[in-house]
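Trainee: Copied straight from TrEMBL:
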ACT_SITE  K495  active site, proton acceptor
MOD_RES   K495  N6-(pyridoxal phosphate)lysine
BINDING   R592, M777  substrate binding site
DOMAIN    707-831  domain 'Alanine racemase C-terminal'
ACT_SITE  Y728  active site, proton acceptor
Amino acid sequence: MLVIKQIVPIIQATLVQQTQSDQAVYHLLLDSRKLYNPSQALYFAINGEHHNGHEFVAELYARGVRNFVIEENLPAHVKLPNANILKVTSAVNALQQVAAAHRNQYQIPVIGVTGSNGKTMVKEWLAKLLAEDFKVVKSPKSYNSQTGVPLSVWQMNKRHTMGIFEAGISAKNEMTALQKVIQPSIGIFTNLGTAHDEGFDNRTQKFAEKWKLFEHCKAVVCCAEHLQTYHDIVTKTSFSGQPFTWGKNEQAQLRLLDKQTHLTQQQTQLKVQYQGENHFIQAPFIDEASVENILHCVATMCLLGLSFDKIQRRIARLRPVSMRLELKRGMRNTYLIDDSYNNDLAGLKIALDFMSTQDVNLQKIVVLSDMLQSGLPPEKLYQAIAQLLQSKAIDRVIAVGEEIKKHQASFNVLDVVFFDQTKDLLESQVELARLANAVILVKGARRFRFEHLVHQLQQKVHGTVLEINLGALVHNLNFYREQLPSHTKMMVMVKAFAYGSGSAEIAHLLQFHRVDYLGVAYADEGVFLRESGIDLPIMVMNPSEDTFDKLLQYDLEPEMYSFKVLDEFIHFLKEQQTTAKVHLKIDTGMHRLGFVVEEVPRLLQVLQQPDTQQKAPLDYLSIASVFSHLAGSDEATHNAYSQQQITLFEAATKQIETALGYEVIKHILNSPGIVRFPEASFDMVRLGIGLYGIEANQIAQSQLQSISRLTTTISQIKYLQPGETVGYSRKGVASHTTKTATVAIGYADGFSRAFSNGVGKVMVNGAKVPVIGNVCMDMCMIDVTGVEATEGDEVIIFNEELSILDLAQSIDTIPYEILTNISQRVKRVFYLE
Ligand SMILES: *Cc1c(COP(=O)(O)O)cnc(C)c1O
């Protein structure tokens, strides 16, 4: 906590207005959607790449926020009579300075973790491994950015005895700022990979920048082989501490003598030497990355002086925990958010924020256990939890555990019920029956075994699953936003179930992230979105006469593409004596739907032609936008054609605006167009496939993240003799003794029959294997000869490595078709990492 008058000099602010210099600040707020406890918050208005934080100042004032850090003058009409207003040149710097001042109040060991991969895992594991010896405060999830680090460090309080924070950078000169905030006494350097290469001149420079985190560290844990490569750079920096290395290298302090992988037990046995003695460590993982992360943890524990006895015991107990927040469909119209990983206040906040990205019309229910290891006195902890739940307008709380029950009094403003044990809740039919029409957050410490509850509530997800990474989706959205001038609006196309990804869930996320418009193909798709609580404007591309009443009823805005539709719609509006918004589609060369350019004068005439009652169509219609569509924006060969389309569009919109006497929203770019013709972004763009991680013109593909993973499972394993055949029409012939696996995906799920007979390749336990025989309706067979594969194993159809693009190319189609063909019977699971 700091008070305003302390903060002013720390951030060298100009006091625009001061009303209460003793006001204590307990929360640092960057995002108006994450507000709680307004009177104790300090809001930093950041003019960022995607949003200008100053736009939310008035709203936050109305919601009770009284302390603001700004970097731009507020418009004259924004009046904040009772607020402290501090002006600085950079609100991000100010945030970092406040956090650094907070950090300065504590003299505890702090571990700073950086590197390209593994930061979050190492941090999370170390926090678990050290929990018995220290009261640990750590970054929530992967809060490692210029703004995430200050928020992480701000959580420190006087009860903590160890801090573990991660720092991530994507460009030059960023680390110095993070170093000042974290001030680590011990460093961990995980490794140097390709991530964010584009932000640096070369690898050496990237390494040097990352190493700046360790400037004042006494010791830095890193891999000896790694350090060798960059030894010269380290000696050139002002780093005065000692590296603490692990590796095969003889000079390594912690030497790795041997490594044995046991596939069946999913274990790796490590033989290490430390201070002349040999030790064995059983790591419960087999993948390279996890083993590397574990060695970083072991080295750090050695450095901290823990005995090998403790190290061995605790490493053996590590579990491959998923750090993701999952959103699953539950029974009785519920969504479940399953988060049994983070059991602290920061984790609860993140989960509640995730909850608010989903359906606003459903009840919000939180099932919560005792919170262990919070670093706060219980009294304060449960007060804080209750306050947080209240500020998020949670409709009902189900509390499980004896600790939380002791603090009942804190929860009395909420609708709350208490159970001593998970078992009691599971036996309460009354309580379980109330879990309907709701978003339910299930968050419990491990020993409460809330997975039993999740299991009961969840619709069974087995067989084929499409997993969707909502974090990656937001990353992609922001990538496209960065390409555009800040005034350009964004329409996101969510037609065809959001390109197969699940329209309601994705639309909610887009609404939360403040896109301006949604676009669908048919009225029914728009109705579905409205019924699931979306209130963004929605454009419908294919309106038909039989859906006009639905359009009005659900406030959907049709595209007018021909004189026939226009005439029918005007007729309908006259009958109903009402008005509506429409979008005019100009055909500049796609030759699908739209008024061709030559028809524009006649269109304008029709629109302005008064009828016998002296009413023109424009008295019934308001033109929400005018748009066109590029036919070849994904290929450079068509650049001249695209340019010509853009020129035609500009001319047509000029005519329209002149005739109307006002400006309209103009848009022509789809995803590949945004990357190729940013200068033609006009007032809005229509993002489609790019949001889903695919960049159809391949210019910036490396900057997008893949959002989905399609997996299925092996139902049965068979062994065939040479000459025996597989499947329909006996197309698959075993040329030698063959091991096949029958998997639970067929063409009815969207796995095209074109993948038959070796064309399709899928992944089983790390091996890429071909389809054998013809793909059936609900199943197909794969050749797993020589591959370790058993019944129940996962089979990957596509993911980050097995790309949708390759899959599409192998059957001569495009990613759009692969995505939209995934049938609705395939379960969708959404998650946030
Ligand atoms: C589908 C669609 C888009 C989005 O196209 P992408 O290539 O997926 O970005 C944009 N505009 C119209 C009219 C569309 O039909």
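Think of each number as a place in line: the chain as shown, counted from 1.
From the backbone N, Cα and C atoms, a Cβ is placed for every residue, glycine too.
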Trainee: Round to a whole number and give the Cα-to-Cα distance in Å for the pair K495 (active site, proton acceptor) and R592 (substrate binding site).
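Mentor: On Cα coordinates alone, these residues lie 17 Å apart.
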Trainee: Of these recorded positions, K495, M777, which scores lowest on Cβ atoms within 10 Å?
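Mentor: Minimum Cβ neighbour count within 10 Å, taken over the recorded positions K495, M777, occurs at M777.
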Trainee: Between M777 (substrate binding site) and Y728 (active site, proton acceptor), how far is it from one CA atom to the other, in Å?
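Mentor: The separation of the Cα atoms works out to 11 Å.
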Trainee: Once the chains shown are all counted, how many other Cβ atoms turn up within 10 Å of the Cβ of R592 (substrate binding site)?
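Mentor: That number is 11.
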Trainee: Give me the count of other Cβ atoms within 10 A of the Cβ belonging to Y728 (active site, proton acceptor).
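Mentor: Other Cβ atoms within 10 Å of Y728 (active site, proton acceptor): 13.
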